[in-house]
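Take a look at the structure below.
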Amino acid sequence: MLTIMKKSSLVLALFAIAATSLVMITYALTKDQIAYQQQQQLLSVLNQVVPKEQHDNELFKACTLVNNIDALGTNTPMPIYLASMNGKHTGAAIEAIAPDGYSGAIKIIVGVDSDSIVTGVRVLSHQETPGLGDKIDTRITRWVDGFLGKTVDSADDSSWAVQKDGGQFDQFTGATITPRAVVKAVKRAVWFYKTHQDELQTLPLNCEVK
């Protein structure tokens, strides 16, 4: 009986080793492809929020990590991608969190030019209710295009609110919390850039390039 148990344990151990080895080999063979796909997805989003005619540098390499919970909605350092044309600063793409979405945190990226005018907004991830809050996603509606051409005049700019709160941005029928959260997050990101643009250009480019 003891011999049978030892044999069974040996077989299980060998199986575990083989399975682990297979996982490691698969990861080694696919990690470069996965990293490339992630880089291409990031590049696509960056070019959507910072138009190609606004920069000639590789945005995903011109990246600095910034830790500012008040502006970016999280105490985790967030990437800010600095755009330039012929060596001159022309804007940025700022990743930020709207922590007060209806179903949790909403991750966004905001593009601005050097005059702090919004050139694009995209939602990177969310858990909002399908058919209601998910209208922030460009695959559902183009609601985020309402930010294009806008800027923030002051930290307490009251126009940066949904119409229900006296602002300029549409809310969704039956889902005011979601657009309200995104509007506030975009406003904070734009104002942060507007008041820290010079400082951002002096920070180290310390994001990990995949």
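Quick reminder: no glycine exception, Cβ is built from N, Cα and C everywhere.
Counted within 10 Å of its Cβ, the other Cβ atoms near Thr176 (FMN phosphoryl threonine) come to 17, all protein chains included. Taken from Swiss-Prot, the feature FMN phosphoryl threonine applies to Thr176.
Annotation source Swiss-Prot lists transmembrane segment at 9-29.
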Inset, instruction - Would you mind pulling the DSSP three-state label for Thr176 (FMN phosphoryl threonine)? - result: coil
